[in-house]
Amino acid sequence: MASPELELVRELIELNWHTRNGEVEPRRIAYDRAQEAFGNLGVPPGDVVTVGHCTAEWVRPARQDGRTLLYLHGGSYALGSPQSHRHLSSALGDAAGAAVLALHYRRPPESPFPAAVEDAVAAYRMLLEQGCPPGRVTLAGDSAGAGLAVAALQALRDAGTPLPAAAVCISPWADLACEGASHTTRKAREILLDTADLRRMAERYLAGTDPRHPLASPAHGDLTGLPPLLIQVGSEEVLHDDARALEQAALKAGTPVTFEEWPEMFHVWHWYHPVLPEGRRAIEVAGAFLRTATGEGLK
């Protein structure tokens, strides 16, 4: 049964969510400011470090048990930042008992595909170079960031780099061709995303690359040899079938995968955890998954 807060959150989204059209820069500003509606829960900006061609922010939650989480924010690849997702990445890090490195990967149109993948790979390698054991490192991302996490895992595997312990995929955008039936069947139930806008954003990111390229759309990739994945998706999302396709790709490859469909939930409901109990519960589930993958009792 959904919480009493759910309807209020849905109304707030419909009243206040940023425009789905227009130039990228105003949308970026609106996206970063959107979190102010719920606040960053007193989480101050962390130390900013250079990672190759981009930057990242260390978010150090209250709980740290020798684990590190590389967080990749959503925003259709062109929007979002560590700032817009600080309250989410911090909460997930706290639930996972991990310090969080939130990556500010390069974004289109300035830096199209595969820049974001290159940055995610560079950030993970930096963690290893700093002495983080791969078995104590995990990846997580929401929406485009979830697809990016699985893309980075494929690239790391292909390069022979030791892989992290696990990855969490929140409402993954895993098929940039936007071919899933849920783009039609759940259109009337979706309150955040618009398929036409997603296609425009995909074109901007891909800059002529085939939308089925496995490092752009991991639902079309070979996921053999990847670490365990947790996929969480809401029942009301137009990206529901992206999540299912990603699960099926993992199953086909023999990669351990846990799929969770959360009834009545919308795209990346975790982002609203300051006011939405279901968001808090989903974060706790994801955190427990990451703790288990990295060794629950280890220090």
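Cβ atoms are placed via backbone N, Cα and C, with glycine included.
Annotated features, as they stand in Swiss-Prot:
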ACT_SITE  S143  active site
ACT_SITE  E237  active site
ACT_SITE  H267  active site
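Note on the active-site residues S143, E237, H267: the fewest other CB atoms within 10 A surround the CB of H267. Put simply, E237 (active site) is 11 Å from S143 (active site) when counted between their Cα atoms. It is 6 Å from the Cα atom of E237 (active site) to that of H267 (active site).
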